[in-house]
Structures are given as C-alpha cells and as structure tokens.
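Peer 1: Attaching a single structure in structure tokens format; questions to follow.
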C-alpha cells in the first residue's frame, strides 16, 4: 500500500503514499534545525529527501537537488505543507524533463512562504494558541486535569491537520495553488482570524482582569438597613469591566510605544500593592 503511486488529477506520479507520509513526519521537525542564518532551510531540505530520492535516480542529481533547498526558508511551521507539496510537484516535473530551473523552484518557495506566514502567525500564535491556552487554563484553575490535555490535543489536532492536508493540497494542485493564494483568500482568512482573536481576547479581559475600587461614595439607611455605595458599584452600573478594559488598553498603548513588558509587569505589581495599602484597590 505504501509503495502505490499517489493519484494526482487522475494521473500517476512517482511519489508514493509512503513518500508522502514520510514527508509529513519530517514536517513536524521544522524547528529542530532552527538557526538565525537560514531559519528552517535545513529542515525543508530534510522534508524533500523522500521526493528527491524517488524522482532522481542519479546520485549527482540528488546532491544538486538537496543543495538547492539549503537556501533561506522561513514560514509558520504549521503552514509549510502547501509549500512542501508544491515544491515536490516542481521537483518531479524537473526530473521528468520539464523546463524548471533552480530559480523557478526557489521563487515559488519565497513567493508562498511570506503570505502563508502572514496567515499562519496570527492564526496559530495570535488566535488559536491563546484561545486554547485560555480554555485549558480556565479548566486547570477549577482543578480539572483536562485543561492541559485539551490544550495539547486541540492545538496539535489543528497543527497536524494543516500540515497533512496542506501537503496534499500543495502537491495535488501544484502550480494552480499559487494562483489561488494570490487572490483575496489570504486577506479574508487573516481578517477573520483577527476579528475572532479580538473578540475572544475582549471576553478574556473581563473574565481574568479584576479591578475593584472600594472607595465609599455614599451610605444610606432605610428601615435600619444601611446600603453602602462604592465607586465600583457606580462604574459597574455604567459599564461593567470598564476599568479592566481601560487598564488593558493602556498596557497595549505602552507596549506599542516600546515600553518593556518586564517594566509593565513590575509596574502592575507596584500599583496593586500600593493601591491595596492605601485602600484604593481591593
């Protein structure tokens, strides 16, 4: 079964199902050879080994192909599947005698790695990971052992799905994938991920950020029962979570002004301790 050729647009290729699976496994070590000179270049080269061995019979052709993929490469690891798939199709076409040179192959890699990273970074690191981490942490805070399991399983399910189906899509569509990606699809995905991420983070601000100002504004006694109205009561009636939102926006503003996150953390500790000592915060 593993040695059966993959069907691509009803045409047989030299790439087998076993080659495809090996490539998928290698994809999961994208960060293993990370370096600041060529980022993921060596890992991408390893990803291409099953294909290169399959389509090139001569040793010198295999060596040249491997060297071809040692150039700079950088994209979101979860999104490398389509790029690897397209490159596999290009390498097979070159081995079959198609007029595909080194520049063409590298141009496709460079042309895809930027846009896919533009989608993958906000999708994986800016949206999916914070949301799943927040859900897992919420369960963990309640004493449930399902919290870390939920995060690990859900995150990796999405990551592996993107790698596997992205690899299949890239290989099966080949050059047509590039045309699809050059439209508004990436922009729409990015915008959707951004809106969803902002929506979820807005919910988490009110859930996790607690600011209580217990300053007494008034005391009223009716039928022997005293009602104390604090500044926090008034703010909650006006807009629940207003202080938490304002504090969060202030921190975001300071971060954009290049204020050190470490400095902000210590400032938060200081404001909390001093505010509690003065009776302003609770």
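Cβ coordinates are placed from backbone N, Cα and C, and glycine is handled just like the others.
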Peer 1: For the transmembrane segment entry in Swiss-Prot, name the matching range from 135-155, 156-176.
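Peer 2: Result: 135-155 is the stretch Swiss-Prot calls transmembrane segment.
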Peer 1: Pick from 113-133, 197-217: which range has transmembrane segment per Swiss-Prot?
Peer 2: 197-217
Peer 1: Are there residues at least 6 beyond the ends of the transmembrane segment (135-155) whose Cβ is under 8 Å from a Cβ of it, and what are they?
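Peer 2: Same-chain contacts beyond the ends: 128-129, 207.
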Peer 1: Pop the mean pLDDT for the domain 'PTS EIID' (13-281) in here, whole number is fine.
Peer 2: 84
